Amino acid sequence: MRSRTFQEYVQGPIQIGMGLGIISLLARWVTGTTILSSPESMVKYGVFGGIGYALMGAIALFMFSFIGKRVRQDFPVGLTIGDYLKARLHPLGYWILIVILIITSLHILFIQGMAASTLCQFLFDTPLYVGLFFFFGFCVLFAGFGGLKLIHGFAAFQVVFMFAAVILIPLYFFVKEGIQPVYDGIRLYHPYMLVINKYDLWSFLFAGLLVGFGQFFFDLTSWQRLFMIEIKKVPLTFSLSGLIWIIFPLSFSSLFIMVIFTGGFTDIHSILAGLANKITTPFFFILFVLCAFSAITSTFGACLHSLVSLIVANILEPLQTKKSDQQKIRMACLLSICIGGLVFVATLFYSPNLLELLFYSGNIYSALLAPILVIVFSKGKVADYIPISAVLAIVASYIIQPYVSEFQSIWFSGLASLTILVICTILTLIKNKWRFVKTKL
């Protein structure tokens, strides 16, 4: 399974069609966050919060199909998003976005590490570092060393486990318990979950759309898959992936409804413990565990592989003398070990709330949304003020964050980025008009 060339390590031996493209995208986007944060959003913002969480991801994937089509028309051949940005940006803007890409990718890896930490604490009566060591070691071996060929080899099995779990386990629960008792239990113990006219719910949904669009539109793995899929199949592949993806958060939310309809809960750990007590059949319990770890390992592996591919292809290679393909692959393997070790240590010593962690980076994704749209839909190279506007908006949003809610800071970040872009564009037009008038005179 060893890759012969660096391009094969990054993209696999062949272009992929719609079927494998959908499997690859689902393996990336059905994440530990999907399993744990979608029920957490439902618990915090009601049933409609869980539904909204599912819709946000599906809409973002669907909208990315339009971006993907435009990108492949303008730039049909590439390995990573870095190749595209290098063609569309001047050096300053290019390096700004590369740094942001690395930061956001490390953040995604850390989130998956936290999800793995939660499941290890729930499943194994061993020190946390033991379970996490095996998790990170497995991900580094199959993704960092195996390359995309091995990632796709695992992806089919991982997606099968996830589909089996989200279909069979909720069906088992609802046949066993019935729908009416579940609804009556929610009305009795958690009536707030059925309320739709909550300010927090609408704040969550609108902020989530900004974060979701920014995250999907600026995701290393999605762009890497974009360059692997046959051009004519890009729009339909991403659109169908969004429609299928919506099943997973809704199904996971329904699982946790089955736990809480009989009483109260304290946190996500108590809900997981309740779920373990509810799943009395060993087959379904094993299926849930396989589903959870398939989701986390597939996402972590895909993101780790995309990150090391970006660093080798777009940072290390331009800075060094020409390297052979095998040297590049060895550099990617070494980077995988270093990044895996870094995230392992960070996960051991820092334990934030998963939903809060997801939205903590929301300011970054919200600020990136307008610039990435301008970059994609503009012609030729774009000015440096476009990526700089994102940096200014991110800094400003984190400065005001202690004084406003997390959702308001996300809105501010997106609005600030858009405002800076509009002002700079108007000033540029005025400046160009003035130059034109001067040349006429």
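Keep in mind that glycine also has a Cβ here, set from the backbone N, Cα and C atoms.
Because TrEMBL annotations are produced automatically, they should be read as predictions rather than curated entries.
Copied from TrEMBL, the annotated features are:
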TRANSMEM  12-31  transmembrane segment
TRANSMEM  51-71  transmembrane segment
TRANSMEM  92-116  transmembrane segment
TRANSMEM  128-148  transmembrane segment
TRANSMEM  155-175  transmembrane segment
TRANSMEM  201-221  transmembrane segment
TRANSMEM  242-263  transmembrane segment
TRANSMEM  283-312  transmembrane segment
TRANSMEM  332-351  transmembrane segment
TRANSMEM  357-378  transmembrane segment
TRANSMEM  385-404  transmembrane segment
TRANSMEM  410-430  transmembrane segment
Stretch in 12-31, 92-116, 155-175, 357-378 most in contact with the transmembrane segment (385-404), if contact is a CB pair under 8 A: 357-378
Selection from 12-31, 92-116, 155-175, 242-263, 357-378, the stretch that has most Cβ pairs under 8 A to the transmembrane segment (128-148): 92-116
Selection from 155-175, 283-312, 410-430, the stretch that has most Cβ pairs under 8 A to the transmembrane segment (332-351): 283-312
Long-range Cβ neighbours of the transmembrane segment (12-31) (under 8 Å; 6 or more residues past either end): 57, 61, 111-112, 115, 147-149, 151-152, 154-156, 158-159, 162, 219, 221-222, 225, 228-230, 233, 236-238, 240-241, 244-245, 248, 295-296, 298-299, 302-303
Seg_contact(the transmembrane segment (92-116), the transmembrane segment (283-312)) with at least 3 CB pairs under 8 angstroms, min sep 6: yes
Stretch of maximal Cβ-Cβ contact with the transmembrane segment (155-175) [cut-off: under 8 Å; candidates 51-71, 201-221, 242-263, 357-378]: 242-263
Intrachain residues whose Cβ lies under 8 Å of the transmembrane segment (283-312), provided they are six or more past its termini: 6, 9-10, 24, 27-32, 34-35, 79-82, 98, 101-102, 105-106, 108-109, 112-113, 115-116, 119, 123, 135, 138-140, 142-144, 147-148, 151, 154-155, 157-159, 161-162, 164-166, 168-169, 172, 220-221, 224, 275-276, 328, 331-332, 335-336, 339-340
Ranked first among 51-71, 201-221, 357-378 for CB pairs under 8 angstroms with the transmembrane segment (242-263): 51-71
